[in-house]
Amino acid sequence: MTVVLGIETSCDETGVGLVRDGVLLGDALSSSMAEHVRFGGVVPEIAARAHVSALVPCVREALASARLTLDDVGAVAVTSGPGLSTALHVGVGAAKAYAQALGVPMYAVHHLAGHAAADTLAHGELPSRSVVLIVSGGHTSLLLVRDLVRDPVVHLSDTMDDAAGEAFDKVARLLGLPYPGGPAIDRAAREGDPTAVAFPRPLTGRNDPPLGFSFSGLKTAVARHVEAAAAAGRELSVPDVAASFQEAVADTLTLKAIRACREHDVSTLVIVGGVAANSRVRALAEQRCAEAGIELRVPPIRLCTDNGAMIAAVGDLLVRAGARPSDARLSVQPSVELTWAQLDPTADPDDAEPSVA
Ligand code: KG4
Ligand code: ZN
């Protein structure tokens, strides 16, 4: 059985993971988050430079935690998109170097397929059909997933504007909370009343697309509320606004995710990505899935946010499916859509994608 080394550098986390046969053997993570805080968002050049210094130490740390050496690595998987171009280049360059030096195949992986695969490390193989709600800083999508590495992923809906995590980050800024906004709002909301402000539930009207997402209007509603309080000289309760905003997001996400399961006759919902770490999203999803008789799978928090283990997990699935390696000349794809978990498989004149046997 092959040990897969996974490398993730699409944003501000340098992640390395080692997976064999569906089992996480060891991993390491280094974040440049602290260096971006004063800019209120990730600065691509700073992120890339941090990846350059953190990558090799992370590989060593992951190997040490798995009690393995580089000689045990049988394949390399790397995020080649989507993400920040400068940041992706560091991971892809490193993956090529490791694969070449070790004489092992390399698999280029879609970052969002990694988020979905993260759950397999905690809860085992995905069922033959599942609805996956991906909620991260850059994406909010409902996906119909069959075999993650053999079948194309079907997009049931993608956000029309801001991603859920982006809305958390922007609302946190409006409330004077630190970056990243999600964890800060989650913390502030614990002391607040989720019914204090009746924020809108976007696209939940009778004539709206049943599975559609849009978060920019909700963010504007919070901005108007903050402005109105300032104009009236009213003191703003940050915990109440945070809790009410978080409730609106959690309500909308879970409502639509369960609707997607029903519409497509799917009995398993998987919630992944940074916003899946949100305590209210997790609690409300649990409650509503139990009521609807739907099995809910949410990875532990450290596997929800960006990490290398999730990329190794996709690599491991590809290896076990007999996929052809990715083309060694591959480059980064900063805005590639998720259709296939593997990017740039080597060409086979006899058939089209995917490359699996
Ligand atoms: O998946 P991720 O780590 O990176 C991307 O691929 O985007 O997601 C990062 C996003 C950020 O917007 C962050 O604010 C949000 O996930 N996030 C949260 C929580 N933890 C992280 N949002 C809400 N509640 C949280 N506890
Ligand atoms: Zn991510």
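Using N, Cα and C of the backbone, Cβ positions are placed for all residues, glycine too.
For the substrate site, TrEMBL records I134, V135, S136, G137, G138, G182, D186, N278, and the single candidate of D119, D151, D169 listed with them is D169. D306 is the residue from D251, D265, D306 that TrEMBL records in the Fe cation site together with H111, H115.
In this structure, G182 (substrate binding site) is part of a helix by DSSP. Of all the binding-site residues in the list I134, S136, G182, N278, the shortest Cα-Cα distance to D306 (Fe cation binding site) is found for S136. Between N278 (substrate binding site) and H115 (Fe cation binding site), the C-alpha separation comes to 15 Å. One residue stands out among the binding-site residues G138, G182 for having the most other Cβ atoms within 10 Å of its Cβ: G182. Of all the Cβ atoms in the protein chains shown, 27 others lie within 10 Å of the Cβ of D306 (Fe cation binding site). Ligand 2 lies under 6 Å from the Cβ of D306, out of the binding-site residues I134, G138, G182, N278, D306. Mean model confidence of the domain 'Gcp-like' (25-312) amounts to 97 (pLDDT, 0 to 100 scale).
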